[in-house]
Amino acid sequence: MLRIAGRKLSSSAATRSSSAFFTRNPFTFTDDSSSPARSPSPASLASQFLDQFRGFSSNSVSPAHQTGLVSDLPATVAAIKNPSSKIVYDDSNHERYPPGDPSKRAFAYFVLTGGRFVYASLVRLLILKFVLSMSASKDVLALASLEVDLSSIEPGTTVTVKWRGKPVFIRRRTEEDINLANSVDLGSLRDPQQDAERVKNPEWLVVIGVCTHLGCIPLPNAGDFGGWFCPCHGSHYDISGRIRKGPAPYNLEVPTYSFMEENKLLIG
């Protein structure tokens with residue numbers, strides 16, 4: 001019962017205070033003269049309205065510019081808001097360095113000069129690398145043609161040149177060699193082939209110097225048939241490069257070649 005009575009009393013008191021506040025006219029303006037009352041301006045009404053609520057807090061709820069108070073701004077913000085062409089430098093923040101020690105100038109000179117030489121060397125290497133990269137590769141050079149001078153080759157001798165990474169045998173045959181190559185019975189050959197099919201000029205025999213067995217290099221002017229002998233597994237080739245004895249299955253390969261002049265041979 002006591003709690004209910006207390007709640008009724010508190011609610012009735014709040015109702016009376018609020019009704020008293022709203023029944024009171026805080027915005028009444030009177031003039032000292034007997035002139036009729038004037039209607040208040042909006043600015044005065046706002047000021048009086050704010051004055052009614054100032055008692056509810058320790059500080060005024062009005063903005064700082066209405067109360068005449070100006071807060072301090074940082075220097076950077078103040079400079080942005082108030083730009084000026086008069087720039088004042090603070091000399092206290094500038095540090096002056098004394099001139100260098102004369103005894104260390106020679107060392108600095110040598111260090112800088114050495115650095116320039118190093119940079120120049122690096123630039124030179126980069127340029128050389130770029131230029132060399134534009135040249136033909138080894139694979140391209142290997143596929144190029146090879147020109148051979150035949151004037152220095154004596155009859156009955158064999159010379160070896162390198163073409164496409166492989167040795168090429170060039171033999172200048174004598175009349176006896178030519179007759180011996182043509183007198184062979186094709187039925188006795190493992191890889192039958194006439195001598196005329198392997199040469200363009202009977203005097204010159206051009207074959208790739210790689211054994212057709214396992215890729216060894218045969219020895220010229222050797223073997224049982226006066227041609228080539230493979231020391232790896234004992235294959236014998238005759239004066240026309242045909243296999244006559246041993247494990248090799250095929251004759252020595254004949255590359256693509258042509259005679260440019262009487263004593264000029266172009267391989268490839």
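Think of each number as a place in line: the chain as shown, counted from 1.
Placed from the backbone N, Cα and C atoms, the Cβ positions cover glycine too.
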Cys232 - recorded disulfide partner, Swiss-Prot, among Cys211, Cys216:
Cys216
Which entry in the list of recorded positions, Cys211, Cys230, Cys232, has its Cβ near the fewest other Cβ atoms, using 10 Å as the limit?
Cys232
Based on DSSP, tally up the residues of the domain 'Rieske' (178-266) by helix, strand and coil.
11 helix, 25 strand, 53 coil
Count, for each of the binding-site residues His213, His233, the other C-beta atoms lying within 10 angstroms of its own C-beta, and report the residue with the smallest count.
His233
